[in-house]
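Have a look at the structure below, then the notes.
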Amino acid sequence: MILSRFLRLAALAALVVFAVAACKREPTPAATPPAPKPQAAAESGDYDEHSYAEPDKVAIDDLALELALDFDARTIGGTATYTLDWRDDTATTLVLDTRDLTIERAEGEVAGGSWQPLQFELAGRDDLLGSKLTIQAPERNARIRVAYRTSPAASGLQWLEASMTEGKATPFMFSQSQAIHARSWVPLQDTPRVRYTYSAHVTAPADVMVLMSADNDPAAPRDGDYSFRMPQRIPSYLMAIAAGDLVFKPISARAGVWAEPATVDRAVAEFEDTEKMIATTESLYGPYRWERYDLLILPPSFPYGGMENPRLSFITPTVIVGDKSLVSLIAHELAHSWSGNLVTNSSAKDGWLNEGFTSYVENRIVEALYGEERADMEYVISRNGLKAEIANMSPEEQALAVRPGVVKNPDDSLSAVSYDKGAWFLQFLEERFGRAEFDAFLRGYFDHFAFQSIPTARFVDYAQEHLLEKYPDRVTKEEFDAWLYEPGIPGSAPQVMSRSFGVVDSARLAWLGSGTLPPQSITGEWSTQEWIHFLEGLPDTLSIEQLSQLDTAYRFTGTPNAELAQRWYPLAVRSSYMQAYPAIADFVRTIGRRKLIMPTYQALVATEAGLAFAKEQLEAARPGYHPITTGSVEKLIAEAKPAPGSGTPFMPGTIEPAVAPDAEVDAAPPAMPAADGDPTRPAPTGR
Ligand code: BES
Ligand code: ZN
């Protein structure tokens, strides 16, 4: 790639000579180790080990993108222009994060408004961090411009052929920048410590609608030429773009849904409470500061449930189940408009400041809209997950405030500890200080740190002053610190119980003991949460007879409710219930949301026969998988150590269907078409 040495005050002639020399191929340079941690930053905890950027020297203040989308080449090409804030008087280099980008040129704006070439060096590729781009700017230009092109394999983009979309006529592309993938589609200071405004001009084929995490106009003409502006400062992980056959339908004056035409009405119906959610959160924590709040429904390959891109949350279609039972996901992504987007963790190791606060706010929204019982059920489900996850974690990973170096790949860093232990900590504080006091505290916190990125230490200082010292004798410093710095769940944790789950527990126990399933009058009332709890409490393995009995009654195999599939298929795999395998293949090939499919892959790779099946599914799914999902499944397969000869090989053609198609269905769980159900009802997963 391009390599050259920097001359401090080179004359223009020398620069030209350099530029020519730079075009010659040179040996691939070595990857750069991350910069050593500055002492002061290390002490305050305000240091980002996942970025090469040096924002204490110079920081991006505004970004202007000029981009063209090329669906045939699967690339984005164009320029990024940075308006810079030179913070250190002696600084003359701009260091950017990139991954798999081709850098065509770098230029600096000089007096009179013309642009002159700048020397730059693209270092070798680090597997995790990408390639450090160092631009020499001896004149400390107020604006620097980089011309670049993305790779078709960009880790932060997924390109889908028209055949992989719902409408089958228009290709689709979307970004997923968090945690450190923005650098694969824009050269950036890819650390949440830096916040900037941005604008973009994007061209695409005329039939393709383009949206960004910015001021999307519901009435914008679809003509292949789009302009965006994001006037609020955001960190790089909130940069987002999507393109496809996308249409808009409003939910309220400031909220609506963007989706493919075949999905938009179902999505508007499922998420019709969005405006109420915004109003509820405003009444708790202050005004929504981002103007519009829209949802973008992505194809089922989206690797997450949701992503809180500002003004436009990206949402998996797998939560559209017809009964609003999974809309806490919307509450979660909306809550990030306060916890995360407004007050932002300054590095991935402080992720609990984003996800723990958000999970707490999410639960408050659910409680306000759907009642305490629903909120409690959701807390119990997530805390059971947390306890199971903690059992396999090192003590240092179990602390909320993790030390540098503990988080290796920030995509995997967001464990149940950040989400659920984080939310539990805030619920503990709420209980001890009182709801009114704690709500006021949180509102003040969002206001005080609005549009700032902070490490855990800043929260601790703020809480010290505005909670612990303001209301003495409610929480000791030891109790407070135990939550932050110690492993496990502190003894001070408030316990949540759910009456409904008590019924589910007895029903399950009775069935396991007697073989008699609960009466329809009981299960007929069960929500998705109750079915989740029923499945999660089952033993690790069941007999084939037991699984068939459940399947005959409830049709778990083939369920269009992916939250149930997430729990049923691993049980089926562990129990060698081969009847479920065709449906398992269908499930893991069509859905890319990691949370949903990874448990099934994990169960599969535990045996040799299962590992072979898993590899087959990955190969079949690869063209439709997102790079993040592919990476996770590949890693799991590479690290698998099944016992030789273990497991039951799957022999297609020899398997009877799990349930005879005309079998009578008992009380089917929600979103499970009963035998006499409406066969025309579309499956919610996009299948
Ligand atoms: N911001 C996260 C997604 C994320 C986190 C992406 C870290 C990459 C790195 C998002 O808000 C989220 O938490 N999504 C969850 C939603 C759930 C907890 C309701 C998901 O995708 O499952
Ligand atoms: Zn989140």
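The backbone N, Cα and C atoms fix where each Cβ goes, and this holds for glycine too.
Values in this document were obtained by computation on a predicted structure and should not be read as measured data.
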TrEMBL annotation of region 'Disordered' - which of the ranges 88-112, 338-362, 638-662, 663-687 it falls on: 663-687
27-48, 511-532 - the range that TrEMBL marks as region 'Disordered': 27-48
Segment-level pLDDT (mean, integer) for the domain 'Peptidase M1 leukotriene A4 hydrolase/aminopeptidase C-terminal' (498-637): 98
